[in-house]
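Student: Sharing a structure, written as structure tokens. Questions coming.
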Amino acid sequence: MPANNILPRLLWLAALLAIAAVAVRLTGNNQSLFLIVNHWAHDYPAALWSNLTMVADTLFAMTALLAVCAVRPELLPRALLLLLVGTLVVHGGKAFFDAARPAVVLAQDSFYIIGPKLKHHSFPSGHSFTVFASMALIASQCRLPGQLLVLAVAAAAAFSRMAVGAHWPLDVLTGSALGLIVAAIVLAWRPLPAWSEHPATLLLTVTILTLGTIYLPFFNSRYPHAQLLTSTSAVVAVLVALKWFWWPLMKLTTKLIQDKRG
């Protein structure tokens, strides 16, 4: 498991993103950078940004984690901790700052919106946090080329939050940095809490991830052209989970019942 090797890379990347966030804040270029990025992104298909932004959605993260954790069940306690800590950090930050989104601050004809028109709880970007945190956990199971690829996908997905007109650069940079930091903490956590490794907790975690994955294709994200991605991803993840987790569990349970009767 290459988790220890990836920790310095995650922290260095988080530091760079945090420095960039501070620079944006101190220079007062948050709005101007948003407009530059948003207008540049408009040259590319809306389907691209819609699908990338869905990759950063919590349900998609649960789908990706299900597929990986089914094959690498030792990641389950860390996936659960990531979901719990991440929820506290993101929703706590959004409630505390309650920052206005571009749709409230800027004139409606000055930028482009793809998907839902969001108005409040802008800082930090929950999507950016989610995609970097979940992809960092997944990247911990990869060698360097795989790590770079997975984190590049995370960066593109976080970037898409500006392309769809939902977040400021400061939101995205801060959310991304926080996601990496929380992922690094979860990966470095030793020893893990005993309750997180209890068989009942692990079963509950897989059940929650599976239910989230099944719900993904039916979730109305209001982002156009993302249905194929969500449906395909959900089917693949459920099949992986069935093969590597649920089917072996059912066989083991059946065997234990038969042995007890015999």
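The chain as shown is numbered from 1 upward.
Positions of Cβ are set from backbone N, Cα and C atoms, glycine also.
In case it's useful when we look at the structure, here is the feature table from TrEMBL:
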- 47-68: transmembrane segment (TRANSMEM)
- 76-187: domain 'Phosphatidic acid phosphatase type 2/haloperoxidase' (DOMAIN)
- 80-100: transmembrane segment (TRANSMEM)
- 148-166: transmembrane segment (TRANSMEM)
- 172-189: transmembrane segment (TRANSMEM)
- 201-219: transmembrane segment (TRANSMEM)
- 225-246: transmembrane segment (TRANSMEM)
Student: Please work out whether the transmembrane segment (172-189) lies in contact with the transmembrane segment (201-219), by counting C-beta pairs under 8 angstroms that are 6 or more apart in sequence and asking whether there are at least 3.
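Tutor: Answer no, regions not in contact.
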Student: Sort the residues of the domain 'Phosphatidic acid phosphatase type 2/haloperoxidase' (76-187) into helix, strand and coil with DSSP and give the three counts.
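Tutor: With helix first, then strand, then coil, the domain 'Phosphatidic acid phosphatase type 2/haloperoxidase' (76-187) has 82 helix, 0 strand, 30 coil.
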